[in-house]
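> Can you keep this structure in mind? I'll have questions shortly.
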Amino acid sequence: MASSSSSRLLFLLSCSVLALLAGAEVHHHEFIVQETPVKRLCKTHNVITVNGQLPGPTLEVREGDTVVINVVNHAQYNVTIHWHGIRQFRTGWADGPEFVTQCPIKPGGSYKYRFTIEGQEGTLWWHAHSSWLRATVYGALIIRPRENKTYPFEKPAREVPLILGEWWDADPIQVIREAQRTGAAPNISDAYTINGQPGDLYNCSKEETTAVPVKPGETALLRFINAALNQELFVSIAQHKMTVVGVDASYTKPFTTSVLMIAPGQTTDVLVTMDQAPTRYYLAARAYDSAQGVAFDNTTTTAVIEYDCGCATDFGPSIPPAFPVLPAFNDTNTATAFAAGIRSPHEVKIPGPVDENLFFTVGVGLFNCEPGQQCGGPNNTRFTASMNNISFVFPQTTSLLHAHYYGIPGVFTTDFPAYPPVQFDYTAQNVPRYLWQPVPATKLYKLKFGSVVQIVLQDTSIVSPENHPIHIHGYDFYILAEGFGNFDPKKDAKKFNYVDPPQRNTVAVPTNGWAVIRFVADNPGVWLMHCHLDVHITWGLAMAFLVEDGYGKLETLEAPPVDLPMC
């Protein structure tokens with residue numbers, strides 16, 4: 001075991017003392033989930049927002065602070081809110097995934113989320129975790145250092161959250177419901193957005209293009225968040241270099257690049273020095289799409305970096321802003337090179353030895369259509385997705401955490417397989433058809449408190465190989481290695497980075513490849529692990545860990561709040 005109850009107790013006690021000494025604050029917010037008329041792409045739609053804003057409110061806190069958010073649901077749909085990347089030590093009831101840690105907040109209902117930020121600094125975000133509501137229900141969560149503590153890099157002249165999103169010229173909930181009804185893939189989005197705006201390459205969008213004002217010579221901290229539902233994105237700024245200094249609320253060794261690749265769920269902090277001629281420059285994002293023969297939104301969203309220099313400030317000048325060079329949509333080499341550049345800032349102590357050595361396949365599959373029905377998938381099938389051939393089924397009458405806490409039988413089992421039930425050539429061009437249909441089930445994997453967990457995440461070429469952003473709730477992890485083809489423990493273990501691997505909460509598993517992650521199971525509760533392409537979690541590309549309590553109060557899940565929603 002990597003941690004003992006005494007060391008954990010001392011850590012939490014020291015955190016509590018430091019919080020008192022540093023004057024940690026309690027932040028109270030109210031989120032009203034409501035329908036709001038929003039005009040994009042020449043049309044007005046009533047979309048679900050928080051407090052009538054798109055994106056929603058930015059939460060700004062310091063490490064050690066406590067956050068209390070009262071979420072009131074005035075919308076027509078059930079809703080939950082997930083605080084993406086927050087560790088939620090012992091406060092799993094506040095994590096937010098629907099039917100995992102809570103039942104949804106029904107229309108007319110409310111729920112008060114309460115949690116403390118422990119040992120995290122940087123950029124995270126919050127979003128709905130019910131159906132496809134996060135298409136418009138999302139916002140930034142900025143964690144700054146404690147008072148009298150500085151960033152591990154030069155203090156920026158300004159900080160700007162830049163949230164990448166997707167926009168449907170339709171109700172996203174109805175888009176996914178229609179896909180679930182027919183078994184077909186859902187309609188692709190009609191635009192990408194930056195801070196809620198598509199940018200001036202789209203119809204009826206020029207005047208509202210997001211602008212980032214800067215001064216010549218200054219350095220800005222740009223906090224990128226990929227909130228897109230289903231698309232990894234390349235990002236670049238014309239004629240400007242970006243220095244990456246953080247990802248997923250973890251600092252990194254600074255490295256300079258002209259292009260970012262950010263998967264849904266991930267965040268990337270960059271420093272940009274405004275050292276070019278004082279005029280206007282496009283900041284642009286477009287798809288990185290690794291799946292072969294799969295439709296995707298091949299448009300480009302833009303914002304404008306505007307030097308405060310007396311140059312034109314409207315969006316109709318005779319000379320347009322300079323445009324960046326973006327990679328081709330299928331440029332896996334660029335995506336791979338960017339991921340390889342991310343490292344922890346210092347040598348880290350990798351947890352070990354490994355207690356749980358797991359191997360999970362991830363990928364899309366197909367269900368046979370029921371007799372007498374017509375289905376919209378290939379050859380009259382229904383799309384599905386799975387981990388280790390288990391297509392995850394969310395309960396509907398209670399949450400997994402509630403069932404675990406109260407010992408309610410029949411909701412889940414704890415026999416999720418540690419390895420694929422059938423071993424095969426995972427990345428072969430022609431995978432046998434009998435492997436295409438997974439088993440639908442609600443299976444969890446049980447972990448002892450303090451156990452060291454290593455997972456090989458292996459993409460498969462069933463239907464199509466694809467880059468999968470895999471997110472674990474309640475945990476950060478170290479990415480020890482990534483590669484292509486089938487993972488070979490004898491050969492590929494030699495590639496493990498035991499010195500300065502990056503720490504993240506979401507890993508983009510390479511298309512036709514694998515990633516190896518490691519973490520300590522030191523947070524009791526039920527924690528979802530899933531693909532952050534929402535179409536894939538809808539199809540079942542998910543599982544959950546049940547982490548047992550440790551010893552004593554500080555290693556035990558807290559009791560549920562009195563206002564926890566019931567199903």
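Quick reminder: no glycine exception, Cβ is built from N, Cα and C everywhere.
According to Swiss-Prot, the signal peptide annotation covers 1-24, on the basis of sequence analysis. According to Swiss-Prot, the domain 'Plastocyanin-like 1' annotation covers 32-148. What Swiss-Prot records for Asn78, Asn148, Asn187, Asn203, Asn298, Asn330, Asn379, Asn389 is N-linked glycosylation site, and it gives sequence analysis as the kind of evidence. Taken from Swiss-Prot, the feature Cu cation 1 binding site applies to His82, His471, supported by similarity to another entry. The Cu cation 2 binding site annotation in Swiss-Prot covers His84, His127, His532. Positions annotated as Cu cation 3 binding site by Swiss-Prot, on the basis of similarity to another entry: His129, His473, His530. Marked as domain 'Plastocyanin-like 2' by Swiss-Prot: 158-310. Marked as domain 'Plastocyanin-like 3' by Swiss-Prot: 415-551. The Cu cation 4 binding site annotation in Swiss-Prot covers His468, Cys531, His536 and rests on similarity to another entry.
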> If you measure from the CA of His530 (Cu cation 3 binding site) out to 10 Å, which recorded positions from the list Asn78, His82, His84, His471, His536 are inside that radius?
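Taking Asn78, His82, His84, His471, His536 one by one, the ones whose Cα falls within 10 Å of His530 (Cu cation 3 binding site) are His471, His536.
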> Find the shortest Cα-Cα separation between His127 (Cu cation 2 binding site) and the recorded positions Asn298, Asn330, His468, His471, His536, and name the residue that gives it.
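Of the recorded positions Asn298, Asn330, His468, His471, His536, His471 has its Cα closest to that of His127 (Cu cation 2 binding site).
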> May I have the list of same-chain residues other than His468, Cys531, His536 whose Cβ is within 8 Å of the Cβ centroid of the recorded Cu cation 4 site, in sequence order?
Val362, Ala385, Glu466, Pro469, Ile470, His530, His532, Leu533, Ile537, Leu541
> According to DSSP, folded down to helix, strand and coil, what is His536 (Cu cation 4 binding site)?
helix
> Can you list the residues of the same chain, besides His84, His127, His532, whose Cβ falls within 8 Å of the Cu cation 2 site's Cβ centroid?
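Once His84, His127, His532 are set aside, the remaining close residues are His82, Trp125, His129, Arg134, Tyr138, Ala227, Pro264, Gly265, His471, Thr506.
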> Under the DSSP assignment, what numbers of helix, strand and coil residues are found in the domain 'Plastocyanin-like 3' (415-551)?
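Going by DSSP assignments, the domain 'Plastocyanin-like 3' (415-551) contains 16 helix, 57 strand, 64 coil.
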> Do you know the mean pLDDT across the domain 'Plastocyanin-like 3' (415-551)?
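PLDDT averaged over the stretch: 97.
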> Going by C-alpha distance, which of the glycosylation sites Asn78, Asn148, Asn298, Asn379, Asn389 is nearest to Cys531 (Cu cation 4 binding site)?
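Closest recorded candidate to Cys531 (Cu cation 4 binding site) by Cα: Asn389.
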